[in-house]
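*Asks:* Mind having a look at this structure? Questions to follow.
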Amino acid sequence: IFVSGISASFILLVLSLVLETQALTPTHHLTTTDVARLQALLSQPFTDLKSAYYSVVGLSKLGISVADAATCRFIKSNLDPSSVESLFFAAEASQALPGCEIPVSNDTRDLLLATVSEDSTASQIHQSVSALSSLGLPLASQEVVSALKARISKEDNVLTIILALQTASRLSQQAELGEILEEIEDLAARLDDLGGVYLQFEEGLEATALFVSAAYALSDHVDMEPPIDQVIQLVNSIFSKKSWDSLSEAFSVASAAESLSSNRFHVPIIVSAQGPAAISHSQPFLRLQVTNVLCKPLSSASVLVESATATSSKSAILSQAPFTLREYVGVFELNFMASQPASGYYQFSVAIAGDSRFVANHVELKVKVSTRVSINNMDLSVVDKDQSIGPKTTRVEYPAKAKASFMADSHQIFAMTFQLVDETTGVELTPHQTFVRLHNQKTGQEVVFVAEPDSKNLYKFELDTTERKTEFDSISGTYALYLMVGDATLENPILWNVADVVLKFLDEEAPSTIQAKTLYTPKPEIQHLFILPEKKPPTVVSNEFTALVLSPFLLLLILWFKLGANISNFTLSPSTVLFHIGHAAMLGLMYVYWTHLNMFQTLKYLAIIGSFTFLAGNRMLAQKAVKRYSNCFIFFFLVCKKTLFFFPKNSVYWPISIRFDTSAVFFFFNQCRIFILLCVDLIVTLLCAKHNLLNIDNFIFMKNNKWETYNNL
Amino acid sequence: MSNSVISVISRFLEEYASSTPNKLKVIDAYLLYIMMTGALQFLYCLLVGTFPFNSFLSGFISCVGSFILAVCLRIQINPQNKGEFLSISPERAFADFLFAHTVLHLVVINFIG
């Protein structure tokens, strides 16, 4: 365990180092449509003061000002001067609206000042301080700081500390905000890292976004860099959700976006290619959009290609080449085709400089350079197998088709050679797909072969009719020959009907019509075969054997009669009679068990009848024994000695009625012992069975008076 | 050779008839009956097949078990063996015989299906 733990931690350490050395870029960011959606959500008509606050202040954070007199009237009319929360919403919203003033009375001011104390909740303190600051009223910063500190020490949860940070950013800069500033670091440590990509609070998106806006607001206020080094992971978490459930969530995302785009320390940048990152002769410019998280272009940035290497050959094409900015569009572009790259994929390493605040300003991009292909020197020929007649080659130019059709039978080979070159540079290309397709127009058959290039990049295709007859199903006829050329880096994939080829196969054993492969027809139905009952012997045989098996009983009776066995000694004492009745009852119970009962019921009845029979039988046998040994003094003496040894006279083991039947008593005690042990054993077995610790199915064979084949056992 | 076998057998039968007490002969007749019943069951199984195999097994084991218990009873009752069974009186032997048979029949009826 320890070794695996150590090796796991070592691997994790190595991995983390590797991950840190790679520059992390945001995987999730808001696009312009997302920003528009956020704006639309915040622009919804508001129903109360709270939603008005979220809308107005949220839109102002997105840079959109709502200059609407109706909004100002709405705020003023819905204001409740006796509630701190209402004052907070109204004050903040009115500050975002130009020319909207909230009338303040002395009572309002006193109410707000009174709320600043240790007994109010953090949100109340935040709301009153913000309202005081927005309304331009004086406040005692030191009091606020001490109230906040007391609050944080009482309630240590994330939202309290975030509100404290927000509040502290509204206080004067002379106040002692050092301790509250330290809370940023502690709170940042509480963020959960998800796979190194996301960093968020377990309380959710809103808490994370509010933390970001609060931390940067306070850091800007005191002009100290916040100790947040995983800004990109925060960006991923906050901007991964593209549709928001509530106004408060949208508001928190908008304020986080605003603080991340305009704070003094960390500005994450988003670099994305405009359209697909593909370059060709018709489209020689690589265009990049460089924006902040709110999708606003960054004017002060300068974009530079640090290196561009081909992925296949790893040779560097460009180094330290700058992008130029197209002013009106806000897009950076680079004419990559000017460096005349060969077609293929290139790995670009782009650096964005211009502001020391930029975070994630090294981006890796994969750029595709595509080209047009042209086919040169397409030569078709029919070669004799024994090489006796020289080949006749026909040259075909793309996109024309060969005028004459070519004939090939079993003695000949049809051959095709061609070259694929780049249209502009003339460099030989080897695209991924070079197929030769033969299509029989009459039957609809098509066979596809691959044309392979040789060492000099010359493509060759040979068709030997005898070798390939299985693919064609030996069907002779006219086949249209197509050449298909395709690749991801080709702009003009080619499907060219080059010629018609008449193929003659020797043995025409194929069927005249070809049936399409019936893959999806219904299969024959499977008829379920129920288990046939086992073959039983005829009833006559069974009956005969039953009689045969019962016949030895007659033999027994005859033998006993001959031996003179009799029941003359049968005493009619009650115990004897009862014993025989009990014994008969037990045998009857066996029969009833066979026909009706299960093991548990049988044992229940058996216990009752059995104990009764046992007592009666014990009595009876004891009497018999006494009768037998009543004349034997020595035995009596011996038995007395034994019983005296084991059973003292005044012990409980001496039942009064058979006090003199000493041997019987001894016998009784032993019998009891054995019987009790056996009973205990049986009871334990059955309890186990009842509680499914044993397989009770083995006890039950006849269910519903039907045979269960013993195969189920 | 065969002569001596026949003479041994006849002598054995004579001794048996004369010296064994009646009680033991009764038990011996019972043993013979049990054995024949078991043998006939086995014959049926050989000839006709083992279709309800559990029934066959239960019947056969019933015969075998009864035979064994009867043999035990015979041994314990035999007055010539009294020295080895001092603590077990014939009545006790018979009571054990009955009790063991109860258990055997319980199992047999359970298994017969």
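Heads up, the Cβ atoms here are built off N, Cα and C, so glycines get one too.
Pasting the feature list from TrEMBL:
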type: DOMAIN; residues: A:30-261; note: domain 'Ribophorin II N-terminal'
type: DOMAIN; residues: A:269-369; note: domain 'Ribophorin II second'
type: DOMAIN; residues: A:377-503; note: domain 'Ribophorin II third'
type: DOMAIN; residues: A:532-628; note: domain 'Ribophorin II C-terminal'
type: SIGNAL; residues: A:1-23; note: signal peptide
type: TRANSMEM; residues: A:545-565; note: transmembrane segment
type: TRANSMEM; residues: A:577-594; note: transmembrane segment
type: TRANSMEM; residues: A:600-617; note: transmembrane segment
type: TRANSMEM; residues: A:629-647; note: transmembrane segment
type: TRANSMEM; residues: A:667-689; note: transmembrane segment
*Asks:* I'd like the per-state residue tally for the domain 'Ribophorin II C-terminal' (A:532-628) from DSSP, helix first, then strand, then coil.
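*Replies:* Split by secondary structure, the domain 'Ribophorin II C-terminal' (A:532-628) comes out as 77 helix, 0 strand, 20 coil.
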*Asks:* Report, as numbers and ranges, every residue of the chain located at least six residues beyond the transmembrane segment (A:577-594) whose Cβ falls under 8 Å of a Cβ in that stretch; write 'none' if there are none.
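*Replies:* Distal contacts: 601-602, 605-606, 609-610, 612-613, 616-617, 619-620.
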*Asks:* To what whole number does the mean pLDDT across the domain 'Ribophorin II N-terminal' (A:30-261) round?
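*Replies:* Looking only at the domain 'Ribophorin II N-terminal' (A:30-261), pLDDT averages out to 87.
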*Asks:* In the domain 'Ribophorin II third' (A:377-503), how many residues does DSSP put in helix, strand and coil?
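*Replies:* Summed over the domain 'Ribophorin II third' (A:377-503), the classes give 4 helix, 71 strand, 52 coil.
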